[in-house]
Amino acid sequence: MISSVMVLLGMISWGGWSKTTLRLRMNLGFSMFVMSLMVAPVIDWTSSSTKLNERPSGAYGLTVAAVVICGLADGLVGGSLIGSAGKLPKQYMQAVFAGTASSGIIISILRIITKASLPQTPKGLKISAHLYFMVATIFLLCCIVFSNLQHKLPVMQQYHQRLHQESTVCTGTKFWAVAGKIKGAAFGIFIIYLVTLSIFPGFIAEDLESKLLRDWYPILLITVYNLADLMGKSLTAFYVMQSIRKAIWTATTRLLFYPLFVVCLHGPKWMKSEIPMVVLTFLLGFSNGYLTSVLMILTPKSVPLSEAELSAIVMTGFLGFGLVGGSVLGWFWIL
């Protein structure tokens, strides 16, 4: 998360990035993704002939480096894609975030399949892990193909031409001017992900128990969250809240999830049962998906077209800050 945010800050503060093409940034980012995902399987394959639980020297360092590269790729691809969608009609931004939610559904389905079909042994877990890397790499290769085709779409050519006519070089002064215009929306997206990441998935995966569902319980809750997130982000294809201010206030009220989840953890017995937790998890995911999509759709449209891409990247940066902050706060559930 930190390495991802660092890339977004670089894109915000360095005006030279805007001179590079979207196609170049996407190809570079997806290539970094593929490279980082290959590290763990390659380490495992090269160590298959060694004794169990032994790994080559430096394997841990290489794995951490791969995670950093993955974060850099995430910032580059996410910032470029969302920034580009910011200057297009709203259905394109909605499609981008519906896509992010769909990925969660795919991962949940894959986890259910692997858990149901593979034994919970070291060998079974290894096969499961390799399956994740294979699926992710296949999707990334498809993304590389599509990202090299999208620039041929008439709508992309039209808006690139229009932006080229109106755009100016991004400077620090322009950044702060744009950030000042959207500071409320930036706070809203920050608080959304601060709340979400401090609860999901850490609290759901680590702190809850069910005698009925046992180790299927966190998988079920994570699937419920991802399904609700997709529903929320898909709803904006039909209805978008037209007031940014209302969306910000609604996002702020999500702070109420903290006491509600605390009650589910330490409160009366009936609140610790599966149904209240499923309902709360659904509401957490649905509100996250809908409000994220609303703010990311409306905010770039609230500034001139020449500032739309920068405003979307600023929003993505504050989304990243929320992810980092939420990840840190998530430790308090464990502590």
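Keep in mind that glycine also has a Cβ here, set from the backbone N, Cα and C atoms.
Range 28-47 is the one annotated as transmembrane segment, of 8-27, 28-47 (source: TrEMBL).
Within the chain carrying the transmembrane segment (131-149), a Cβ under 8 angstroms from the stretch's Cβ atoms is held by residues 23, 26-27, 30-31, 33-34, 37-38, 40-41, 106-107, 110, 114, all 6 or more beyond its ends. Contact between the transmembrane segment (216-241) and the transmembrane segment (92-110) is supported by 3 or more Cβ pairs under 8 Å, counting only residues 6 or more apart in sequence.
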